[in-house]
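Visitor: Pasting the relevant annotations from TrEMBL:
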TRANSMEM  A:6-32  transmembrane segment
TRANSMEM  A:44-64  transmembrane segment
TRANSMEM  A:70-93  transmembrane segment
TRANSMEM  A:105-123  transmembrane segment
TRANSMEM  A:149-170  transmembrane segment
TRANSMEM  A:199-218  transmembrane segment
TRANSMEM  A:275-293  transmembrane segment
Amino acid sequence: MNLTIFLLALFDGIAYAALVFSVAVGLTLIFGVMRILNVAHGSLYAVGAYLTATLTGYVLALGFAPLLAFPLMIVSAVLVGVLLGGPIEWLLLRRIYNKPEVLQLLVTFAVFMILEDVQRLVWGTQPYFQASALQALGMVKVFGVNYTVYQLILLPLLALTLLVGLRFFLRHTILGKLILATTEDREAAQSIGIDADKVFLVTFIVGAALAGLGGALASPTTSILPGMGADMIVLSFAVVATAGLGQIEGAAFTALLIGLGRSFAVYVWPETAVLVPYLIMLIVLLVRPEGLFGSPTARKI
Amino acid sequence: KPAELKVGITTFLTGPASVFGVPARDAAEIIVEKLNAEGGIGGVPVALSFIDEGAGAEALTTEFRRQVEGGAHAMMGAISSGNCQTLAPLAEDLQVLNLMWDCGTQQIFEQNDYKYVFRTQANATPEMLATVLYLLKVKPDFKTIAVVNQDYAWGRDSWQIFSAALKALKPDVEVVGEFFPKFGAADFSTEISRLQAMQPDVILSTSWGGDLDTFIQQAAQRGLMNTSTFVIPLAESSLERLGSTLPAGHIVGARGDHYFLHPDRRDDADFQEFMAAFREKTGAHAIYPVFHMSQALAALKAAYEKAIAAKGGEWPEEDEVIAAFEGLTFQGLGREVTIREDNQGIEAQLLGMSVQSGDYPFATLENIMIFDGEALTTPVGQESVEWVSKLTPEYAASVKVDTYEK
Amino acid sequence: MTFRLAIPALLVLAVAAIPFAAPQLQLLMNLALAKGIAVVGVTVLLRAGQVSFGHALYFAIAAYAAAFLSASMPGADLVLVLVVAVAGAVLSGIIVGLFVVRYRGIFFGMLNLAFSMIFWSILEKFYHYTGGADGIRLPRPTVFGMALERGPFELIMFYLSVALVLLLGWFTMRWFASPAGQIFQTIKTNETRLQYLGVSPQRALLSGYILSAALCGTGGVIMGIVQGVVTPEFAWWIRSGEMVFIAVLGGAGSVAGAFVGAVIYETIRTYASAFAGDVWQMVLGGFLLVIILFAPKGVIGIYDAALARLTGKGRSE
Amino acid sequence: MLELSNVGASIGIIPILRNLDVTISAAETVALIGRNGAGKTTLLRSIMGFTTVTGSIRFEGEDITGLLPAKRPGLGIGYAPEDRRLFSAFTVEENILLPAQVAKLDAAETKRRLDRVYHILPELKTMAGRPAGNVSGGQGKMVALGRALMLGTRLIMLDEPFQGLAPALALRYAEALKALRDADRTVTLIITESNPSLLRGFASRTLLIERGEVSESSLEHERTH
Amino acid sequence: MSEILLEARNLQISFGGVVAADDVSLAIERGKNLAIIGPNGAGKTTFLNICTGWIKPTRGKVYFEGQDVTPLPPRRIVRLGVARAFQIPQLFTEHTALENLLISAAAREQLRHPLQNLHRIRERAEMLHLLDMVGCADVADRLVVELSEGQRKLVDIAVALALRPKLLLMDEPTSGVASSEKFKIMEILVKALSEAKVTSVFVEHDMGIVSRYADEVAVWAAGRLQMQGSPEEILRHPDVIRDVIGEAV
Ligand SMILES: Nc1ncnc2c1ncn2[C@@H]1O[C@H](COP(=O)(O)OP(=O)(O)OP(=O)(O)O)[C@@H](O)[C@H]1O
Ligand SMILES: Nc1ncnc2c1ncn2[C@@H]1O[C@H](COP(=O)(O)OP(=O)(O)OP(=O)(O)O)[C@@H](O)[C@H]1O
Ligand SMILES: [Mg+2]
Ligand SMILES: [Mg+2]
């Protein structure tokens, strides 16, 4: 492997990692705060992508500039968060916070199944493609290989912004603190006046919107079709577990490992590319049973 | 004489393969509606019921059985070759007529003898062989090839046949890269970077559906399609969705002679009538599974009519219908298809070169060739890969082909 | 008390009568029973508070072991096939188990997922041996030396499944009530105390894990034999998810619930996919939501509550 | 100030408290005593809204029976649960400050209250920067106590606040609480305690809970040994 | 015949800046009841944690019956005959009080038979008796989640006792237990311990209990073992009165 190839693999890895992170971060947030492994995340991701493609297609058909696709991504993400995330938390999850965790998982699984069919009813079975956002930014040529600016530069930058922003939000804002407190102990949080219901609702909406944003960001790079969510969930789950419970930085680092692992696998030993996320997870957990950035939770005795 | 002829059809209504399954179902409904309006088969109306292959093997077999035991006269299964492998022996045990209407695996009849199971279209071998022949005809002196196929049975099998044929017919070609990204992969960026660095003359991909769309879109965006010729044997089913993305000059196949502008058939009244009806119902142009569905239904009709005729106008027993399939010839929306003694259908293969002519908001085909199916199909009793590997460069010239400039 | 037992007994009799009373349901029921046995495996782990997203692994390993055995030994006997298949599941359960019992919660779930997905990829990758995505055929084994037609063979499989359901269900329930089973279940609430009783939580979890692998394996091999073909889909994560799904539908932690849940699930899925092909997932998802929100103890919970009302006494706890 | 009429409380379907009629007037200090499992904790949690109650609870004339638990601290109720329930992700000081931040108190007021807490519980100051998850059992009780004091401007409810504290500390805190109460004649205190001697001469009233019912009692009767 | 059952030598551990054990050396004789007292955060629980292998000291060793148990995990030490009741009760919350004890007995006897019923084991009567001893007979069939804090503490002690240990470590056994019961329960407990020749170590804040039931008292402060002696002399020591007790008992 010469240096050029090495660098190419590096670029591909980073671009892919950025996408993986922006999809997995919402799941990490919801899991970190609510301890719910949100299977419906995959559907929210898919709906985010569909919405973006549809809205963009509609707006372009009216003759607007392709750059408008970017604000539409945000719009779609917010719509997903508010119109889907809100009701899911409010109507379903809220009723079962005091029930075993596996039930919460299954509620989201049921929602996932329902949303899969809803997507098909709304958008049909034919793949969608809407790449105006990506085309609007053009290409860069590196070592004779074309990369899209969108994937090579914009996505990594956005991922970084998300990382820093969320970190700041959770660690350094009051709302972030309230979220962390509620996470640890709902009742104790309520007894110091935190409206735990609202905190969870907001968190879930934000997490769902991030899922939608992941889909929106992915939408110009890929075909949008039934079943796309299922794939993403498994990958995001792997990221969440490898990262350590709810660790946003861990998720970023894991995404990077997965991205680089996959691209180097494609260059060196393509047959193993599919296995990369699982192998990384196995190896990381073997060395660090609490995940990359997790810390052992000792029981108070 | 039954009150209605009950036919059960398995097709993907959910999951990624519903890109094929749903248009096929729509086509079946259109065809049968027209058929029944014209008096059905031998005066008996046809009643369809559909089973979702996407619901998993258990639900599929259970429901398949339930329909058979509930009195279905004929079954049509399946799209996925895995499901064909499951349903074929089941149909045989249940002694029910089963038409494999879409699955491509060549193994079924090469490894087993079936009495009740027929395939009303070609299989992977003629499909790949025709593709190789077309490639050799239009781009005789390419040196290098890379493959990007889906990582599952079809992707692997089709590459095995294709590469065996290529090696036999043009031994000097070098395979510079083999990629099998996972089924349903959403991102091919890395593969594309790699391919750009390699610069193969030809890139083969037998992918379909969203995978193919994504691959083509990403390859086109990044200029890979300007430097390599793509051979995409299933791309006929993606043409409309790809719109203006697919550039001119790439080799497109259709898993048979299936094309909504079929050069032989485009002016036929029944063809045009169907295409109009299909567009009206679905808003899209017909793709190959629609043709496959038309062939399966045509086969059913032809067999029953043949059996009725043989019985002097009386309604035939099941055995008599089965017997009628021997050497049966029928025509769906493509050219005529014949059922061979091993129950395999002989079907012509159509390929062409993409062109953005401006007639449609998507690429159409030019330089179309239709290969005769007989010579492409593995002889009865032989094994495909073995047979293909023994072909010689002279064979290529011997296959009968019709070429259409426009 | 007699009343409490009467209904399950009637249900078992009803199931046993299916091949004669309603033969079109026989296959459906047989698949449901096979799945039910596998679901009991998942139920076992739920009792220890662990959710595995990868138990389809053992389901698939047993099925493939059976298929490979039948391929290399045409006409192998049914009993041999079953024993070898379950032994394969148990053996892999021990190997994987030794590794995963160190983990809890999501890590446990995800590691199991990882193993099952790796196995799944192997099945797809080594297609020369495994038949790839299309899988391999699992020809009918002989039964005590006799090669049977589909009809009688399926009848035998059906009653074998019913017998296994009763036997394994009974065993699992007894094991739950036994000291070892109870110790296993304390993993859910307090491992610190467990350690301070001189017990290794890892070892306690491993014992249940192996049992669960054996149960999943039994379900898998029956499924494979009845279907006559095994595919990588046997190891796919959705199937693992489905097992958890059924376990909760029936009543998380309940052995009887696993079977009842499997029957209900299979029935809904089959009929929904036949009569509402477009929206069967929605129907199933909606059904699950209703169960979780209004009867979180599952179908068995509903049964218990109804019984309590019928017999006029509220449950004491 | 606090009026419970005909209050019953159950956890799940199990009734724990029955037909309680209790009136506590402003600036009272009430000792709540009873055997283990008598329902002391349940009563406090009911006032906080964590159980399903029947009957009615009025706080300063307002019916709060159906009020969301999270809204009650805003009325000036500080509650230190029996089992500490600290937020281990935060430091000791952050734990104490959090209620003030939730209530959106201004900086000066927050500082004033924090100073008061440190004045009453000086040990907290030395561990202010340590993660709350790591403090010892007794230290944790102190933090919980401090956190309750931040909010309790009208009513402070302490569930066994001195449990697990070394007697020297417990005595000092009891004194400090007494001083607090004497200085600020508007606060009402409800304290459950299994060591009533600490509250002697401090509690103005003693309530005994037995079999889910409340009766007036006196601390003097309670000393058995 | 003063045989040493447990001996700690030069234990050292600190967490961040906090020194929780500073050169602690202590020997406990078989058959004695040792009380540990000291201000909060002095390191009392930490000492029990080290003795049972929950925390590994950075320096120093623990010997039980002459065997070096420092590197062993808790469960191995428990099997040697050390049982522990916790400051924060550690129970199987979804089991009943009685089941908690039965499981303890099953662990002690290493019952493995897969078809035996936990409720029918031979030790059941013994366990019911233990529950009665700690005054919890009436909640035997209640799930632990449904118990009050004080009840849990008592059940926790019974669970430890069910192991029939040689050495019983109790972390504040009576805190949270109503004062009307405290003495009654301690009375029965100590009697049972001495009958069974169990050595005990208990951390305690109630000096009434200490003076009555301890043979010996050790005083902790800031991670150090400050002094050790008979209850009479320790509880009268002015430093102890100032730092721990607050007033003379
Ligand atoms: N989650 C629960 N489910 C059922 N019963 C419960 C639950 N929590 C508490 N109880 C019961 O309610 C009664 C009162 O409990 P509570 O905690 O109020 O007692 P307490 O007076 O505070 O006792 P202690 O002094 O031991 O803390 C107890 O008998 C207990 O068993
Ligand atoms: N795991 C830990 N991490 C960090 N600090 C710890 C840890 N465990 C204990 N400490 C600290 O060590 C010191 C001793 O704690 P320990 O629990 O032994 O005190 P204690 O004497 O039992 O006090 P109490 O009477 O309040 O229970 C305390 O200051 C405590 O904060
Ligand atoms: Mg209490
Ligand atoms: Mg302590």
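Backbone N, Cα and C atoms are what each Cβ position is placed from, and that goes for glycine too.
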Visitor: When you look at the transmembrane segment (A:149-170) alongside the transmembrane segment (A:105-123), do they share 3+ Cβ pairs under 8 Å, ignoring any pair fewer than 6 residues apart in sequence?
Guide: no
Visitor: Cβ under 8 Å, sequence separation of at least 6 from the ends of the transmembrane segment (A:149-170): give me the contacting residues as numbers and ranges.
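Guide: Sequence-remote neighbours of the transmembrane segment (A:149-170) are 11, 14-15, 17-19, 21-22, 25, 29, 133-134, 137-140, 142, 176, 179-180, 210, 217, 220-221, 248-249, 252, 255.
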Visitor: Which of A:6-32, A:44-64, A:70-93, A:275-293 has the most Cβ pairs closer than 8 Å to the transmembrane segment (A:199-218)?
Guide: A:70-93
Visitor: Restricting to the same chain and to residues at least six past its boundaries, which positions have a Cβ under 8 Å from a Cβ of the transmembrane segment (A:70-93)?
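Guide: Tertiary neighbours of the transmembrane segment (A:70-93) are 34, 36, 40, 44, 47-48, 51-52, 55-56, 59, 104, 107-108, 111, 115, 133, 200-201, 204-213, 215-217, 219.
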Visitor: Where else in the chain does the transmembrane segment (A:44-64) make close Cβ contacts, counting only residues six or more beyond its ends and a cut-off under 8 Å?
Guide: 23, 26, 72-73, 75-77, 79-80, 84-85, 115, 119, 122-123, 128-130, 132-133, 208, 211-216, 218-219, 222, 224, 228-229, 232
